[in-house]
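Engineer: The structure follows.
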Amino acid sequence: SSELQLGVSSDVREAGSSQELKIYIPFESAELCVTQIAEDMKAMKKRHLQTVQELEENFHITAREAQEWIMQKVRSHYQNKMNTLRTFLDLYQDRVEKKKADWEKKVAELTAQNKQLLEEQRAERRRWKEETLQWQKEKNKMLDLFSSRLDVLHCHQASTLQELQMARQEIGQVQEILTVSSSQEQQEAAEEEEGSDNKEQTVACSVSDQPLEGANARLEGLKESLYQKEREISELLEAERSPIPPVPQPHCSVLLPTVITKAHEICSAVAESRALLKQMIEDNQVALAEARDKLRLHLQSTKDESNDKEKTPNQEGSDESSLSFLQETVREHEVCQIALDCIKSGESPVMNDYEMSEMEDILRQETLPTTQRTVKGVGQQLLLLQDQLKREKEERKKIIENYTSERAMRKKYYNMVEEMKGKIRVFCRIRPVNRSEATQGGAVVVDKLDDYSITVEAPRGPREFQFDKVFSARASQEELFQDVNRLMQSVIDGYNVCIFAYGQTGSGKTFTMVGDKDQKNPGIMPRSFSAIFDIMRENSSKFDFKVSAYMLELYNDRLQDLFVSQAGEAHSQTQSHGPTKRVEIKRNRKGVVFAQGAETKEASSAQELYALFQQACANRHISATRMNVESSRSHLIVGIMVESRNLTNGSVNTGKLSLVDLAGSERAAKTGAKDHQLKEANSINKSLSALGNVISALSAELPHVPYRNSKLTQVMQDSLGGNAKTLMIVNISPSEYNIDETLTSLIYATRVKAITNNAQRNVDSKEIVQLKEVIMKLKSGQTVEEVDV
Ligand code: ADP
Ligand code: MG
């Protein structure tokens, strides 16, 4: 290579200094040199290649080694990891298995428990079924027992009635005997007087006197027992009528056991009398059979003897008398049998004319003491039975009386409880049949059952309605007001009270609330005016009262102040006082409704208040419809505020009495109303249906009550579901012509009964009253210094 380098350098030198120095190398040597170099180079190349190969091989080897080492390292690393994972896995597996075992154990436990429970349930069900069956059986047994007892009672009732009838007949017969015997006695007495004294006759007389005396004594006894029973009944009635002293316990609970014991007594008495009757029948049958046998035997023996024909006349006579005695005995038992059978079957004895005359003959023959004894025996038995019947009848009457009084008492106490709970009270008043209904001849379909319920003969069968009080057509205005009067005390005590009448036109709402036209029968309104002032007078030493009133009319959904005249006067008033004020219904903080914009006038006596009322009535819209010429087509609302200041502690109560005479609730088509009357009817119907919706919402206890839908419901907001004591009087017509309206009204009223109010007294303490006065004075422009705080 040095040579090559030399050669190159020489070439460079040659190229650089070609001009200055030229070296000449012989070709051979050059060739030799070149070949030498080439060979060297070849060798070098070979060596190079060898080293490269070696290096490559080395590299490969080291690379493989390194790879293997890395591989090994990685493998071992992963192996380690694998091992740890495996240990983890094993651990987890262990745990899982443990858990699994636990769960399996638990599942097994639960299934066992479940099985046990199922079995228990099955057993329980079985027991339940058995118990139900047992109960059912008990129930059926009881029902059977009751029905059989009822049957027995019915049978007994029927038979006792028959017995009574028979007994009456018997008494009649006894009386006949008496008259007959007394006439005979008279005859005999007359004969005696004539002087035909015969010893035999006197004997006959004395014989005939005995039965007469017996009959007389029986009659006397009968009369005596009758008087006694009458006395007992009147005593009982008086005891019922006399006022029962107030006891803390309700009477029903006292009466009920008495009723039950009485029922038991009756049942046992019935059973006893039945057993007695049965015994008597059996005894009689035995005696009859015996008597018949004896008679047969006797007849046979007499036949045999007659064949022998060896008898003395004396013997013959004794035979005849014993035969007749036996015949009489048989007859006696036969008669007894018939009488007892009749008593048992509850029929009166059937006798043909021949038998009757025979019987009469027997009864008349006083010389037949055995027949008489028979009749006497039957008569005595009948008397006994009659007595028993009477006693049982009385007991039945007593039980019925007890039951009815208990029922009435229960209803009364129930009503009291309901009132205490704040339920709206609903009275129902049935109007008398009016002239047009009477001429049309329509049937009366409404009937008052008792003081608390009525039935209506509806087309689909009778319907019963329950109310807090029912007033029949005969009930007077006073009677009605007696039940309303206690509300007046509540007004004075500071409660809000609302009384309103509801019903179709002509059903008597205005009659009930206002009275008739000429005020011969004043209604609730005028009566309440007097009642309020009466109570105030009684309490004038303890309280200071102030009475004021507003009177409104709700006509065509507009509130009108009735103290302001509508017609010509209104015009003059408008001129003098400016336009009439708009009346609006507002509620104060306590929820009490008041009429803003309506005039409130004070009254110092019932007469003054009544004069105000009459003035208001004169301003009403009244239009005649076909249903009722005096019908009012608007709702009348009278509000009376009573403020009472307690003179001892200074507290002030403010009670309000709202009296509402609603317009008629009938359908427009029936009244024959037209044009503006139709508008009236529509507005009335609208307000009444709004009232209906309010009632529905309240009775169903819905969260929202749509009071705002109509002025009427706004006015009555504090009376329906509010804080007032409310009384609704549902007026109904009794006739078939109005049955639809009657049913609607009654259903409406039944819903009202379900509404509960929360009546509270409106009381302000002395301090609050004074503060209010301060505020009032401030409002009217006075300074605080002027006010006596
Ligand atoms: P409403 O106000 O419901 O339309 P009214 O009170 O005007 O009905 O009664 C209609 C008619 O029936 C009136 O002539 C009234 O005198 C008479 N009337 C209503 N109820 C009675 C009653 N209980 N006794 C006597 N008359 C009655
Ligand atoms: Mg009316």
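Just so you know, glycine gets a Cβ as well, placed from its N, Cα and C.
Quick paste from TrEMBL:
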- G503, Q504, T505, G506, S507, G508, K509, T510: ATP binding site (BINDING)
- 93-138: coiled coil (COILED)
- 212-239: coiled coil (COILED)
- 300-313: compositional bias 'Basic and acidic residues' (COMPBIAS)
- 314-323: compositional bias 'Polar residues' (COMPBIAS)
- 423-755: domain 'Kinesin motor' (DOMAIN)
- 182-202: region 'Disordered' (REGION)
- 300-323: region 'Disordered' (REGION)
Engineer: Restricting attention to the domain 'Kinesin motor' (423-755), give the mean pLDDT.
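Structural biologist: Mean model confidence (pLDDT) across the domain 'Kinesin motor' (423-755) is 83.
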Engineer: G503 (ATP binding site) has how many other Cβ neighbours within 10 Å of its own Cβ?
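Structural biologist: Its Cβ shell of radius 10 Å holds 29 other Cβ atoms.
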Engineer: So if I take the binding-site residues (Q504, G506, S507, K509) and measure from each Cβ to the nearest atom of ligand 1, which come out below 6 Å?
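Structural biologist: Cβ < 6 Å from ligand 1, in sequence order: G506, S507, K509.
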Engineer: Does S507 (ATP binding site) have same-chain partners at least 6 apart in sequence with Cβ under 8 Å from its own Cβ, and which are they?
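Structural biologist: Those within reach of S507 (ATP binding site), by Cβ under 8 Å and sequence separation of 6 or more, are R431, G664, N731, I732, S733, N738, E741, S745.
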Engineer: Looking only at G506, G508, which of these binding-site residues has the biggest number of Cβ atoms within 10 Å around its Cβ?
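Structural biologist: Output for this query is G506.
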Engineer: Where does T510 (ATP binding site) sit in DSSP terms: helix, strand, or coil?
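Structural biologist: Reduced to three states, the DSSP call for T510 (ATP binding site) is helix.
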Engineer: Under a threshold of 6 Å between Cβ and any atom of ligand 2, which of the binding-site residues G503, Q504, G506, G508, K509, T510 are retained?
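Structural biologist: Once distances to ligand 2 are taken from each Cβ, K509, T510 fall under 6 Å.
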Engineer: Determine the Cβ neighbour count for T510 (ATP binding site): the number of other Cβ atoms within 10 Å of its Cβ.
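Structural biologist: For T510 (ATP binding site), the count of other Cβ atoms within 10 Å is 26.
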Engineer: Let me know the DSSP-derived helix, strand or coil state of Q504 (ATP binding site), please.
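Structural biologist: Note: Q504 (ATP binding site) is coil by DSSP, not helix or strand.
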